[in-house]
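Visitor: The structure that follows is given in the form of structure tokens.
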């Protein structure tokens, strides 16, 4: 085994990398000193609900495409072949369901935080449980996503480790804290372009050096790297069509359906139609990104064959292999390694800035505003900026912890993946099952998290014990897919040899990581429903209108209405989509003292109707003061039909 080979950056590479950071910071500063200058929480946290479809969709893509995916996908395809590409099949339902189920419900309720929904549907306790779970998930993940690419870069190129971490962390913190969501979205757009450029440059140059795309394909076929459709239904198999195409749908839903970082982008759109369109636009973009990752893996195989840099000892882990390949391909082309590193760090920057902004939003909306309802707008905005700054510093502290955790780095990724599924289950429980109550929601979430940690930690310990006698030859220290919901994967070379099928608890620990999200969210729903029925299910009249998606009413259309009423599944979304832009919404809120009050919010985006909206609000409030039954669960949320 040779020593880890280090290649070095030229001055041009450093300049290109620096330009990325300067441009990102510049976009943030531009939005800090232009427009409304981030003077309101609505502008700072929600981009004034003024974003159009294209920047939102590119931002959704950038948040999803982290440095982890850029490093992980090619090394996965290089090692195991193109089976991973079938993950693209899950994107279809994984984006269609959020577009037509989650977005209409969230958008029509005019939320700022996704967890605000949980209070409207259940109660404040459930909302706080959801918020705290999300904060725990994101804080753990932020440091790792900042530190991991810097570590890989340092190992392969000698690029100063803490210089890279601090540069990224501070630039990201500055433009997020100053420019708000608008700056985050537009820097994401810029960073997406850089990511595409970096990956394309590697593929074009690498393929031409290997003798063209035809030669790359021929070598991949000869090396058995082009995978067919594997229809093996075994959920213990790591990657099959079912684990990737079906299990992947739940991963996508956890990310694109209910994750605050993505929900906030939908809610920043000018209209509901543009929010839905952003889901449709991101679909082909994701397919392109996935294909680029797979193609880069095949180009790597065409260059190295079975004789990988990992086997030769040039690098220590799979996630360093892509960087080694890039430096190898571009060794005579100064500037291009810098472009790829800019591409890599664009992925990290977009992920971290989304995390800062979404964390500041949920902390402000869920943990501070409910207890300080009279806080002035100026003070709330200043506090939001302070929160974004504070989370930036927490991220740097987490990166330092990640550096001293060593192998526990994998556990940090596992913890992140474990939390996505239960949160998805909690939202599904509220949105699709009208009789679920708040006790069921809390117990269901706790059960889902307990199940997630049991399986996650159990499988981690089992893999470590298997790995002890024979050192692993191929260890993927980073998840191969996404930046929000997957778990750690450690693959041993010995896994290819025949071994008895695990039974009992071992079978549960051997479950493919792609099924984790589905399994954990199903646990939340099943336990939540059982507990709800035991403690008294909710009735139709107790539900806040607009918080339940009428999927059961649609599925049971053949039953007479009186039976459907008894089953509590006739809640319609009553208005037509074209009325969205003009109808006011009355949304139920709770003060810190538990008293209910009504907040009127219109969906019209036209600035000229501001005074009309205020007048409507005043008249509506007067009408409600004389109505004695203004209680939280009876408030009317005027909704719109799908």
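Here, residue 1 is simply the first one shown, and the rest follow in order.
Just so you know, glycine gets a Cβ as well, placed from its N, Cα and C.
Annotations in TrEMBL come from automatic prediction, not curation.
In case it helps, TrEMBL gives these features for our protein:
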type     : residues : note
COMPBIAS : 588-611  : compositional bias 'Basic and acidic residues'
REGION   : 587-625  : region 'Disordered'
TRANSMEM : 14-33    : transmembrane segment
TRANSMEM : 53-72    : transmembrane segment
TRANSMEM : 84-107   : transmembrane segment
TRANSMEM : 128-149  : transmembrane segment
TRANSMEM : 161-181  : transmembrane segment
TRANSMEM : 239-258  : transmembrane segment
TRANSMEM : 279-302  : transmembrane segment
TRANSMEM : 339-362  : transmembrane segment
TRANSMEM : 382-402  : transmembrane segment
TRANSMEM : 408-432  : transmembrane segment
TRANSMEM : 439-462  : transmembrane segment
TRANSMEM : 513-534  : transmembrane segment
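Could you give the neighbours, burial and distances for every feature on this list?
Guide: With a cut-off of 8 Å between Cβ atoms, the residues of this chain six or more beyond the transmembrane segment (53-72) that come close are 145, 148-149, 152, 184-186, 188-189, 191-192, 195, 199, 255-256, 261-262, 265-266, 268-269, 274-275, 277-279, 281-282, 285-286, 289, 293, 318-319, 322-323, 343-348, 350-351, 354, 476, 478-484.
The list of residues near the transmembrane segment (128-149) in space but at least 6 beyond its ends in sequence, with Cβ under 8 angstroms from a Cβ of it, reads 66-68, 71, 113-115, 118, 165, 168-169, 259-261, 319, 344-345, 347-348, 351-352, 355-356, 358-359, 362-363, 366-367, 391, 394-403, 409, 412-413, 415-416, 419-420, 422-423, 426, 441-442, 445, 449, 477-478, 483-484.
Through the fold, the transmembrane segment (161-181) approaches residues 21, 24-25, 27-32, 38, 43-47, 146-147, 150-151, 153-154, 187, 264-265, 268, 345, 348-349, 352-353, 356-357, 360, 385-386, 388-389, 392-393, 395-396, 399, 403 of its own chain, all at least 6 residues removed from its boundaries and within a Cβ separation under 8 Å.
Residues 53-54, 57-58, 60-61, 64-65, 69-70, 73-78, 82, 84-85, 87-88, 91-92, 95-96, 98-99, 103, 192, 195-196, 199-200, 202-203, 206-207, 210-211, 215-217, 219-220, 223, 225, 256, 266, 321-322, 325 of the same chain, all 6+ positions outside the transmembrane segment (279-302), place their C-beta atoms under 8 angstroms from a C-beta of that stretch.
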Visitor: Take a look at 14-33, 84-107, 239-258, 382-402, 513-534 and tell me which one has the most Cβ pairs under 8 Å to the transmembrane segment (339-362).
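Guide: Selected stretch: 382-402, with the most Cβ pairs under 8 Å.
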Visitor: Could you tell me what the rest of the chain brings near the transmembrane segment (382-402), counting residues at least six beyond its ends with Cβ under 8 Å?
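Guide: For the transmembrane segment (382-402), the far contacts come to 38, 41, 44-45, 139-140, 142-144, 146-148, 150, 165-166, 169-170, 172-173, 176-178, 180, 352, 355-357, 359-361, 363-364, 368, 375, 409, 412.
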Visitor: Among 14-33, 84-107, 439-462, 513-534, which stretch has the highest count of C-beta pairs below 8 Å with the transmembrane segment (239-258)?
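Guide: Selected stretch: 84-107, with the most Cβ pairs under 8 Å.
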Visitor: Which stretch, 14-33, 84-107, 513-534, tops the Cβ pairs under 8 Å count with the transmembrane segment (439-462)?
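Guide: Answer is 513-534, with the largest number of Cβ pairs below 8 Å.
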Visitor: By Cβ distance under 8 Å, which residues at least 6 away from the ends of the transmembrane segment (513-534) in the same chain are close to it?
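Guide: Result: 235, 238-239, 243-244, 246-251, 253-254, 417-418, 420-422, 424-426, 428-429, 433, 435-437, 439-441, 443-445, 447-449, 451-452, 455-456, 485-489.
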